[in-house]
C-alpha cells in the first residue's frame with residue numbers, strides 16, 4: 001500500500017538547501033538513491049533532477065517515521081517533511097552541494113515502490129547500451145544523462161533567444177509533405193483518404209522555408225524534427241533535430257555572421273565559455289588539398305602533401321601507375337613516429353582499407369637512410385625531393401597513398417585524424433570552428449553514372465562558373481558553406497537560386513527532363529516566378545552540436561529516446577507490424593514476413 005501526497009507539497013529541490021537554511025522546515029520529494037542503516041539511525045540519500053540531500057530518520061525523535069523508513073528501498077519515490085540541520089564537522093560531505101546539511105525527518109510518505117532496477121542509477125555503470133535503451137526511463141535518471149538533457153534544453157533556449165533578438169520569426173512547416181526522391185530515402189506515410197498515394201516525412205523544411213521567403217517573411221527559424229531513412233552511424237538518427245533558418249536579401253557573409261552569433265550564444269549558455277569571432281575560413285579545395293576531408297580537425301597541425309609530380313616517373317609502379325591512370329599520390333608525415341611497430345603499421349593498413357585504399361606504403365627515416373619495402377624504387381634525387389617537400393627528418397614516419405583522388409584524400413584524411421588521436425595531439429579542451437566554403441556544385445555518382453548535387457539542387461552556383469555548366473560541370477562552384485567544429489560538420493547552408501530560369505538549368509544539368517522537374521518541383525518554380533527575393537540560410541545539426549558541447553561521442557547520449565543502430569526503439573519495440581484491418585484501410589499488402597529470419 002502506497003501513500004498519497006496528502007497535504008505535503010514540495011518546498012525545495014534536493015540541491016537547494018545549505019547551512020543558511022538550518023532551522024527551516026522543508027518538504028522534499030524524489031527518488032531514493034541510497035539507504036543506509038547505521039546503528040538504528042537510517043540515512044537516505046534523496047535525489048531529484050537537481051541533486052541529492054541526505055535525510056535522517058532517528059528512532060529517538062520520530063519512532064513511527066523511523067519504523068516506516070525501514071521499508072524504503074533504492075528508487076522508491078518518497079516525500080519527506082523535516083527540519084534542516086547542520087551536519088557535525090566530521091560528517092560534512094564536500095562532494096555534495098548540500099553536504100553541509102541534512103534533513104531530520106518528521107513525516108514520510110512512500111508514494112511508490114520500485115522493483116530492483118536493471119542497473120544502478122549512477123554514472124559509472126558497466127552495462128550494454130541495449131540494456132540502457134530498453135530501460136531508458138531508468139537510464140535517464142542518471143546524473144550524466146540529466147546533465148546532457150539540461151544542456152540540450154539550454155542550447156535550444158539560447159538559440160531561440162538569439163534568433164528572436166535578430167528579428168527571426170518561429171514558423172512551423174508541414175511534416176506531411178510530398179515525396180521528392182533526391183539524396184537520402186524518404187520515410188513514406190500512406191494516405192487513407194487518397195488510396196495509393198503517399199506523404200513523405202521531410203528530410204528538411206528546405207522548400208517550405210524558401211516559400212516563406214517568397215511570401216515576404218524575411219527571417220524565419222524553426223527548431224524542427226527531420227527524418228531520413230538511411231544507414232545509421234554514431235552521429236546519425238532516422239529522426240533528428242536541426243536549428244533551421246532562412247533570410248531574405250542576403251549574401252553568404254550575412255548568413256555566416258548570424259550563424260556565428262547563434263553558435264557563440266549557444267556555447268556561452270551551455271558551457272560558460274566565450275567563442276572567438278569571426279570563425280576561420282577555408283575553401284573546399286584548400287581543405288581537400290591540405291587535409292583530405294571537407295571537415296578538417298584543426299586542433300592539431302599535420303597536413304597532407306601532394307607529391308604526384310615527383311611520383312609520376314618513379315620506379316614504383318603503384319605510384320607511377322596511379323598517376324598514369326589519372327590519380328594522385330599524397331604523403332602524410334607523422335613526425336617522430338619511426339618507432340611504430342609492424343603491428344601498428346598493419347593496423348593502419350587495415351584502417352585505410354575501410355576507405356577503399358588498396359594498401360598503405362610507408363617510410364621510416366633512419367640515421368642511415370630510408371627503411372621501407374619501397375625505398376629501392378626511388379632514385380636519390382627523388383628521395384631528396386620528397387624529403388625536402390615533406391620536411392622529413394630522422395625519426396619520422398611517412399605514409400603514402402596512391403589512387404584516385406577521392407580514395408587518397410578520404411583514406412589519408414581519416415588516417416591523419418586517427419594518428420592525431422593516437423599521438424595525443426588533439427587538444428580535447430579546445431573548440432576549433434571553421435567555415436568551409438565554395439563547394440563543388442556537382443559530384444559524380446559512380447553507381448548511377450551521372451552527376452548529382454553535392455548539397456542540394458536549390459543551391460545557387462557561382463555566376464562566374466555558369467559557363468562551365470555543360471562543358472566542365474566539376475568546375476562549377478556552389479555558394480554553399482559548412483560549419484565544422486573539431487572535425488565534425490555541425491551546420492551547413494547556401495545562398496539559394498531565386499531565378500526560375502537558373503533553377504531549370506540546374507535541374508537539366510542534373511539529368512532531369514522538364515516534365516520530371518515540373519512534376520516534382522512545379523510549385524517551387526511557380527514561386528520563383530512570382531517575385532522571389534535573393535535569399536539564403538542554413539541548418540545546424542542540433543543533436544550533433546549538443547553532443548560535442550557535452551563531450552559525448554554519440555548523439556544517442558543527448559537524445560531522450562533515441563533509436564538504435566537498426567533504427568528501432570528498444571523501449572517501445574517500434575517499428576511493429578500493423579494489423580490487417582489497418583492495412584486494408586490503406587490498401588496495403590505486406591509481402592514479406594518480418595518475423596522470419
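The backbone N, Cα and C atoms fix where each Cβ goes, and this holds for glycine too.
Copied over from Swiss-Prot, here are the features:
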type	residues	note
SITE	38	site 'Important for tRNA non-discrimination'
BINDING	182, 228, 455, 496	L-aspartate binding site
REGION	206-209	region 'Aspartate'
BINDING	228, 229, 230, 237, 489, 541, 542, 543, 544	ATP binding site
> C-alpha of residue 544 (ATP binding site) to C-alpha of residue 228 (L-aspartate binding site): distance in Å?
Replying inline: 15
> Do you know offhand how many angstrom separate residue 228 (L-aspartate binding site) and residue 542 (ATP binding site) by C-alpha?
Replying inline: 15
> What Cα-Cα separation, expressed in whole Å, is found between residue 230 (ATP binding site) and residue 455 (L-aspartate binding site)?
Replying inline: 16
>> Whole-number answer please: how many Å between the C-alpha atoms of residue 455 (L-aspartate binding site) and residue 542 (ATP binding site)?
In response: 19
>> Could you state, as a whole number of Å, the largest distance between Cα atoms of any two of 228, 229, 230, 237, 489, 541, 542, 543, 544, the listed ATP binders?
In response: 20
>> Just to be sure I understand the packing, how many Cβ atoms besides its own are within 10 Å of the Cβ of residue 38 (site 'Important for tRNA non-discrimination')?
In response: 8
>> If you compare CA-to-CA distances from residue 38 (site 'Important for tRNA non-discrimination') to each of the binding-site residues 489, 496, 542, which comes out shortest?
In response: 542
>> Just to be sure I understand the packing, how many Cβ atoms besides its own are within 10 Å of the Cβ of residue 455 (L-aspartate binding site)?
In response: 19
> For the region 'Aspartate' (206-209), what does DSSP give as the number of helix, strand and coil residues?
Replying inline: 4 helix, 0 strand, 0 coil
> Which chain-mates of residue 496 (L-aspartate binding site) that are at least 6 residues away have a CB under 8 A from its CB, listed by sequence?
Replying inline: 210, 213, 458, 459, 460, 535, 536, 537
> Which chain-mates of residue 489 (ATP binding site) that are at least 6 residues away have a CB under 8 A from its CB, listed by sequence?
Replying inline: 295, 482, 483, 541, 544
> What is the number of other Cβ atoms found within 10 Å of the Cβ of residue 544 (ATP binding site)?
Replying inline: 22
>> If you count, for each of the binding-site residues 230, 542, the other Cβ atoms lying within 10 Å of its Cβ, which residue has the minimum?
In response: 230
